[in-house]
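What Swiss-Prot says about this one:
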- ALA2: N-acetylalanine (MOD_RES)
- LYS17: N6-acetyllysine (MOD_RES)
- SER37: phosphoserine (MOD_RES)
- SER44: phosphoserine (MOD_RES)
- SER60: phosphoserine (MOD_RES)
- 80-115: region 'Leucine-zipper' (REGION)
- SER106: phosphoserine (MOD_RES)
- 113-172: region 'Disordered' (REGION)
- 115-132: compositional bias 'Polar residues' (COMPBIAS)
- LYS117: N6-acetyllysine (MOD_RES)
- LYS117: N6-succinyllysine (MOD_RES)
- SER119: phosphoserine (MOD_RES)
- THR129: phosphothreonine (MOD_RES)
- SER133: phosphoserine (MOD_RES)
- THR147: phosphothreonine (MOD_RES)
- 149-169: compositional bias 'Acidic residues' (COMPBIAS)
- 173-281: region 'Catalytic (GEF)' (REGION)
Amino acid sequence: MATNFLAHEKIWFDKFKYDDAERRFYEQMNGPVTSGSRQENGASVILRDIARARENIQKSLAGSSGPGASSGPGGDHSELIVRITSLEVENQNLRGVVQDLQQAISKLEARLSSLEKSSPTPRATAPQTQHVSPMRQVEPPTKKGATPAEDDEDKDIDLFGSDEEEEDKEAARLREERLRQYAEKKAKKPTLVAKSSILLDVKPWDDETDMAQLETCVRSIQLDGLVWGASKLVPVGYGIRKLQIQCVVEDDKVGTDLLEEEITKFEEHVQSVDIAAFDKI
């Protein structure tokens with residue numbers, strides 16, 4: 001029953017055969033399909049390259065003709081035009097300034113001329129002459145003979161002036177009195193004495209030196225302006241001790257060299273003297 005149904009159905013089972021035959025026919029008529037497609041692809045690529053080259057040429061031409069293009073002779077020409085334009089503008093401005101100055105000068109000249117015309121010219125007045133009376137000739141007094149009475153009066157005149165001598169003596173006495181008072185006042189005024197505080201290091205010969213005797217020798221030095229202070233024994237090493245003693249001296253009377261000379265005179269006990277500290281008071 002199924003086969004009978006298929007026998008009555010209208011189905012084209014051989015259609016693929018006809019399609020293959022038609023394809024082969026057209027292939028033979030138009031040539032191979034692969035070669036044709038390759039040619040079309042090559043032509044399209046060439047056309048695209050040509051179009052791209054045209055676009056690039058147009059863009060380059062448009063860029064060179066634009067205002068921002070400064071490379072090449074075209075750019076130099078545009079820069080030159082800009083500079084010329086700026087120079088022309090500056091020239092016009094300078095011309096305007098010059099014209100303003102000329103107008104101001106002309107106004108000043110007109111003002112001066114008007115002032116000169118309005119003010120009258122002063123007339124030169126001659127100075128008034130003073131009438132001077134003629135000088136009279138003065139006759140010298142006639143010398144008269146001196147009488148004996150006048151000669152006696154001239155002899156009685158004290159030419160040296162005893163009054164002036166008394167005044168000079170009084171002035172000298174006052175001057176001496178003032179000098180004496182000034183000297184007394186200056187003597188009563190206390191004078192500042194420059195003093196210094198010195199710390200001395202007195203070193204013995206060895207550890208067997210009697211340090212008490214050494215200190216006694218040092219303190220036995222008595223000078224004007226020298227005052228001895230506190231002292232102590234400072235260990236040096238190997239059982240040896242040095243005498244460290246303080247003193248105050250007046251700078252004008254006692255010096256460090258004098259102190260060293262006086263202390264080093266005790267050769268049996270003293271080896272050397274050093275200044276450990278020196279301060280102004």
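Every residue, even glycine, has its Cβ placed from backbone N, Cα and C.
Neighbour density for LYS117 (N6-acetyllysine): within 10 A of its CB lie 8 other CB atoms from the protein chains shown.
Candidate modified residues: SER44, SER60, SER106. Nearest to LYS117 (N6-acetyllysine) by Cα distance: SER106.
All protein chains considered, the CB of SER119 (phosphoserine) has 8 other CB atoms within 10 Å.
There are 10 other CB atoms within 10 A of the CB of SER44 (phosphoserine), with all protein chains counted. SER60 (phosphoserine) sits 24 Å from SER44 (phosphoserine), taking the Cα positions as reference. For the region 'Catalytic (GEF)' (173-281), the DSSP-based tally of helix, strand and coil residues reads 33 helix, 44 strand, 32 coil. Predicted-model confidence for the region 'Catalytic (GEF)' (173-281) is 90, expressed as mean pLDDT. With DSSP states grouped into helix (H, G, I), strand (E, B) and coil, the region 'Leucine-zipper' (80-115) comes out at 36 helix, 0 strand, 0 coil. Across the structure, SER106 (phosphoserine) and LYS17 (N6-acetyllysine) are spaced 116 Å apart at their Cα atoms. Its Cβ placed at the centre, LYS17 (N6-acetyllysine) has 10 other Cβ atoms within 10 Å. LYS17 (N6-acetyllysine) is 135 Å away from SER119 (phosphoserine) when you measure Cα to Cα. When the Cα atoms are compared, SER44 (phosphoserine) and LYS17 (N6-acetyllysine) turn out to be 35 Å apart.
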